[in-house]
Structures are given as structure tokens and as C-alpha cells.
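Novice: Not my notes, these are from TrEMBL:
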- Cys42, Asp44, His105, Cys108: Zn(2+) binding site (BINDING)
Amino acid sequence: MPGLEKILRGILKYQATLRPEMVHEFEKVKDNPEPVAVLFSCMDSRLVISRLLQSSVGDMFSIRNAGNLVPHHDCLSYDSVTTEPGALELGCIVNKIRHIMVCGHTDCKAMNLLFSIKDKMADHSGTPLVLWMKKHGQRTVDKYNAWKEGGGKSAIIFQAESADKLFEAYIDPENQFAEVDKFSQINTLQQLQNIASHPIIHDKIANDEVRLNALWFDIYKGNFFMFSRSRKQFIPVTEESYDHLFEDGK
Ligand SMILES: [Zn+2]
């Protein structure tokens with residue numbers, strides 16, 4: 001079957017070239033792991049995170065799903081547990097990782113789907129992907145609808161680390177992205193609020209041991225944006241913005 005050849009050839013190539021170097025890196029990290037971030041991103045095949053972030057063995061815990069969603073604590077129960085809150089615990093509690101990042105992107109197929117069914121959210125039926133998007137994308141849809149009802153120009157208020165840590169976001173104020181990409185930016189920021197809903201990290205948050213930040217990737221231009229709470233919008237990650245973004249997000 002087409003496709004398997006690429007996978008097997010890839011393994012053979014890795015074993016013949018990178019393997020000794022990688023095994024050395026695995027050994028180095030084994031007793032002294034120092035991961036810097038828990039990263040939630042979309043499963044889109046174009047988001048090759050280790051290349052885009054130039055990260056390597058031991059650098060980060062990566063969780064990928066359709067739409068870079070992190071289910072809200074209200075959705076968690078024995079019958080409906082998902083991996084994302086467990087990953088938060090493994091990353092931030094067990095491994096004491098300080099930075100939690102959510103990365104969304106342009107032309108997201110999951111966001112395109114959620115956007116197309118946003119008026120049918122009351123119908124709790126559908127395929128597994130539709131159910132995933134409906135159940136865990138509802139808060140994104142609510143934020144988007146309220147924003148549009150207000151004219152689509154005003155700031156959206158999100159809750160970050162705790163109920164008293166609110167931040168405002170102006171979505172695409174220069175109007176350079178498609179409507180569904182604006183929706184994707186709102187979705188990315190909503191996940192920070194969803195992450196903060198989990199009691200498992202409340203103490204870490206209260207003690208300022210965990211930081212929540214959002215990245216967003218413009219696929220067709222290849223540019224990264226990071227949300228600046230002080231500037232209240234996504235701004236391009238450049239040499240010029242680096243100091244500001246570092247201070248803002250650290
Ligand atoms: Zn996507």
C-alpha cells in the first residue's frame with residue numbers, strides 16, 4: 001500500500017544516519033531531563049513542530065490533536081476523560097515544566113469544520129471528529145459569536161491563569177486574515193482559559209510556577225505570531241519583537 005514504503009524507508013535512513021547521535025541524546029536526557037514547555041498544537045501534517053521550533057530531544061512535551069483543543073475541566077469525568085489534562089499533569093506536575101504553550105494556525109481543517117457547523121452546535125450527533133469539535137469547541141464558538149454580535153472589532157476578554165487574571169485580545173485588527181483564521185486565533189486563546197480551568201495546576205498557577213502563552217502559525221507565509229498580553233494582540237515573532245515577547249511571556 002502506498003505510504004508504508006515512505007515510513008519504512010524513513011526508519012532505515014534514520015537508523016543508517018542519525019541513530020548513534022540520537023541514542024547519545026536519549027541517554028543524556030534520561031537522568032537529567034530539562035523540558036522547557038508543554039506544547040498543545042494541531043495534528044495538521046504541515047505543523048512539523050520540531051523543525052519549526054528547532055527543538056530537539058528532551059526539549060518539550062508535545063500533545064497534538066484536531067484543532068489544538070484542550071478540553072475544559074467541566075468536560076472531564078471518568079466516562080469522558082481525554083489525554084490533554086493528563087498531559088498537563090505529566091508535564092507540569094510530574095516534570096515541573098513551567099511553560100504551557102498552545103499553537104494554532106491558518107487554514108486549519110479542524111477550525112474550518114468547526115466554523116462550518118457553528119450554527120448546528122445544539123445537535124449533539126455526528127462523526128467522532130464532529131463530536132470532538134462540537135463538545136470541546138463550544139466555548140470558542142460562544143466567544144466568536146459574542147465578538148461578532150458586538151461588531152467584530154472590540155476586545156474579547158479571556159480568563160488566563162485565574163479568575164482575577166483576565167486579558168483582552170483584539171483579533172486581527174489589521175484585517176489581514178480570513179474570517180476562519182480569526183476564528184482560529186480566538187480558539188487558540190480560548191485554550192489558555194480551558195487549561196487554567198484544571199484544578200491540577202491551580203497551585204502552580206497561584207505560585208507563579210506556570211505560564212500560559214499562545215503561538216499562532218501562518219502556514220502559507222511561514223511566519224510565527226505570539227500573543228502579547230500587554231499589546232492585546234498576536235504580534236509577529238521577529239528579532240525586533242523578541243525582547244518584548246520574552247518579557248511579556250516569561
Ligand atoms: Zn489544524
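All positions are counted from 1 along the displayed chain.
Every residue, even glycine, has its Cβ placed from backbone N, Cα and C.
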Novice: Count the Cβ atoms, other than its own, that fall within 10 Å of the Cβ of Cys108 (Zn(2+) binding site), considering every protein chain shown.
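Specialist: There are 26 of them.
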Novice: Relative to the Cβ position of Cys42 (Zn(2+) binding site), how many further Cβ atoms are located within 10 Å?
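Specialist: Neighbour count, Cβ to Cβ under the 10 Å cut-off: 26.
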Novice: Around the recorded Zn(2+) site, report the further residues of that chain (criterion: Cβ within 8 Å of the mean position of the Cβ atoms of Cys42, Asp44, His105, Cys108; site residues excluded), sequence-ordered.
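Specialist: Apart from the listed residues, the neighbours are Ser41, Met43, Arg46, Leu47, Gly67, Asn68, Gly104, Thr106, Asp107, Lys109, Ala110, Met111, Ser184, Phe217, Ile219.
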Novice: So how many other Cβ atoms are close to Asp44 (Zn(2+) binding site), meaning within 10 Å of its Cβ?
Specialist: 20
Novice: Where does Asp44 (Zn(2+) binding site) sit in the DSSP three-state scheme?
Specialist: coil
Novice: Looking only at DSSP and grouping its letters into three states, which state does His105 (Zn(2+) binding site) belong to?
Specialist: strand
Novice: Sorted by position, what residues of the same chain at least six away from His105 (Zn(2+) binding site) have a C-beta under 8 A from it?
Specialist: Ser41, Cys42, Asp44, Arg46, Leu47, Ser184, Trp216, Phe217, Asp218, Ile219
